[in-house]
Amino acid sequence: MRIVLVGPPGAGKGTQAAYLAQNLSIPHIATGDLFRANISQGTDLGKQARAYMDAGQLVPDEVTIGMAKDRMAQADAAGGFLLDGFPRNVGQAEALDVMLKDEGVKLDAVLDLEVPEDEVVKRIAGRRVCRNNSAHVFHLTYNPPKAEGVCDACGGELYQRDDDSEETVRTRLEVYHTQTEPIIDYYRAQGLVVTISALGKVADVTARAMEALKASDEG
């Protein structure tokens with residue numbers, strides 16, 4: 001299957017993408033991984049991306065599209081893929097359609113992970129990270145430390161990252177509504193959108209997604 005995964009920040013896209021890709025035996029292609037790989041390997045696209053990032057500018061669509069095209073041309077993606085973080089706007093979605101058409105294939109589904117805005121804020125703003133080890137992550141509601149403000153693993157101080165503040169989260173949601181939500185309308189017009197609730201346990205959401213994808217494939 002060829003799938004695009006969409007959803008607001010805090011919807012658990014990365015987690016679900018990993019499980020779904022494994023269950024479907026297709027590669028999980030994440031924008032962040034594409035950028036890191038191209039930059040670390042010193043590709044032409046990586047150098048272009050690095051120059052924009054170092055200048056504090058947004059990387060142009062054509063660079064991101066080029067990276068995605070190169071990745072989808074690799075052998076492991078011949079039978080399908082799961083895109084996470086791409087396309088990010090309608091222009092990228094249109095470019096993806098052209099790419100796939102040139103290869104004589106098309107998308108099978110666009111999986112939309114739906115989470116209420118207040119839940120997104122709660123999920124992200126509740127995170128607390130250890131100052132000694134950023135891999136030690138807690139949550140005030142879902143995974144609270146035994147002692148308030150103290151890391152269970154090493155006793156380090158727990159703090160809220162700037163990116164996790166409610167103000168920042170709401171700004172990110174605004175960007176999502178403005179830039180990424182129109183993609184859902186674009187694909188809905190093609191009859192590709194499959195919407196599921198991303199509330200509940202990770203395994204339950206994965207099962208819900210697999211069932212919805214199977215139904216859309218059969219339909």
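Glycine is no exception: its Cβ is also placed from the backbone N, Cα and C atoms.
Keep in mind it's a predicted model, so treat the numbers as computed, not measured.
Range 30-59 is the one annotated as region 'NMP', of 30-59, 90-119 (source: Swiss-Prot). ATP binding, as stated in Swiss-Prot, involves G10, A11, G12, K13, G14, T15, V137, F138, G200; the candidate among R127, R161, R188 given for that site is R127.
In this structure the C-alpha atoms belonging to F86 (AMP binding site) and F138 (ATP binding site) are separated by 29 Å. Taking the C-alpha atom of G14 (ATP binding site) as reference, the shortest distance to any of the binding-site residues T31, Q57, V59, R88, R161 belongs to T31. Counting only same-chain residues six or more apart in sequence, the Cβ atoms lying under 8 angstroms from the Cβ of R88 (AMP binding site) belong to T31, T64, Q179, T180, I183. Rounded to a whole number, the C-alpha distance linking Q57 (AMP binding site) with R127 (ATP binding site) is 28 angstrom.
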